[in-house]
Amino acid sequence: MRTKYYKVDSANPDLTVLAEAAELLRQGRLVAFPTETVYGLGANGLDAEAVAGIFEAKGRPADNPLILHIDTVEQLNDLAAAIPASARALIGRYWPGPLTVVVKRQSHVPNVVTGGLDTVAVRLPASLTARELIRLAGVPVAAPSANTSGRPSPTTAQDVLSDLEGKIDAIIDAGPCAIGVESTVVDCTTPVPTLLRPGGITYEMLIEVLGEIEVDPALACSQSIPRSPGMKYTHYAPVAPMFLVESGADYAAFILNREINGALAAGHTVGAVVSAEMADSLPPQVIASVYGPRTDTALIAANLYTALRSFDNKAVDVIYAEGIAEQDLGLAVMNRLRKAAGYRIIRE
Ligand code: TXA
Ligand code: MG
């Protein structure tokens, strides 16, 4: 199929363009669209056949459920069987925005959306383009990140096209995504809410509203089985194998250079995903992709997937990544880096 390309201004999206894309969604077609986090691959969330098309286009495992995107808070009432106080508090503070709440679902939510679970994940995005598209479609829009399963999530329309061109009906390009990592997923069905995926709403921001939150043990340890089905797969991975150095700012330069020099001596072409400070200390043969200054976690999040994708068309044999501190958006960044590295972690 030919993928239709629409371009809109993120601050003032053309509603006639969005109406055309919304009509495609209503017809059961697949439309990629921008959100403030990453680009999503949308389908009518109440049309099981259309949603099945998402799994097909992405090569996504069927047991990995999708987020339903809505454009008013009230629409949650049509999807959730109950809205716990924790969900109400989080929504009141962080919607519209990069927060997904998991709640008990109503029976009409298709199984293909929830992976057969009795819960559903719902998000009201901040992106104007996304919200107007959902409003014009008049249905909840099921949308995972618009990448091929396992690849880094797309933060530009070009990223989407390089994975999915010809496999989806349309894409709406509104320029790069502001946040750059996915939404935070919180399970609100547990007595104390559980953080399933760190994202655009930080741990610190959740604590501010909730007072306490459990953290899915799978986030700390690759051995246990995550409760968020999607977190168990290797994800966000660049084409070459990646190693993540997690050793604190003081020793990171020493360890990275030691590992990199070893790989160079073995004749490998080496890539590195590093801070601006680190880039200066690496051997000149290294193909470095800089994610930003070490302490600016928001900028690092915004650049992360572009940095990982920058190796797509470069013949590197191995990539070394520099870890950062896990505060603010650093928690989400480190979660994605560990997964991108397939948990090949050098920690000294
Ligand atoms: O920022 C985002 O959330 C983006 C944009 C497009 O909105 N979407 C996104 O979707 O990241 P996806 O499918 O790539 O990630 C959804 C995550 C997965 O880890 C999935 O397992 C989890 O949410 N999830 C979905 N429904 C769930 C449920 N009922 N219970 C637990 N986890 C769920
Ligand atoms: Mg994804």
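Cβ coordinates come from backbone N, Cα and C, glycine included.
The domain 'YrdC-like' annotation in TrEMBL covers 15-201. Among the features that TrEMBL reports, L-threonine binding site is placed at THR37, HIS69, ARG123, ALA143, SER183. As annotated by TrEMBL, ATP binding site applies to ARG60, ASN64, THR119, SER145, SER153, ARG197, TYR236.
A 10 Å radius around the C-alpha of SER145 (ATP binding site) takes in these binding-site residues out of THR37, HIS69, ARG123, in sequence order: THR37.
Most Cβ neighbours within 10 Å, among the binding-site residues ARG60, HIS69, ARG197: HIS69 holds that distinction in the structure as shown.
For SER153 (ATP binding site), the number of other Cβ atoms no farther than 10 Å from its own Cβ, over all displayed protein chains, is 26.
Considering only the binding-site residues ASN64, SER145, SER183, the Cβ with the fewest other Cβ atoms within 10 Å is that of ASN64. In this structure the alpha carbons, written CA, of ASN64 (ATP binding site) and ARG123 (L-threonine binding site) are 16 Å apart. In sequence order, ARG151, PRO152, SER153, TYR305, LEU308, ARG336, LYS339, ALA340 constitute the residues six or more apart from TYR236 (ATP binding site) in its chain with CB-CB distances below 8 Å.
According to DSSP, ASN64 (ATP binding site) is assigned to coil rather than to any helix or strand. Closest by Cα distance to HIS69 (L-threonine binding site), from the binding-site residues ARG60, THR119, ARG197, is THR119. The 6 Å Cβ screen around ligand 2 retains SER145 from the binding-site residues ARG123, SER145, SER183, ordered by sequence position. Looking only at other Cβ atoms within 10 Å, the busiest spot among the binding-site residues THR37, THR119 turns out to be THR37. When the binding-site residues THR37, ARG60, ASN64, SER183 are checked against ligand 1, THR37, ASN64, SER183 have a Cβ within less than 6 Å of one of its atoms.
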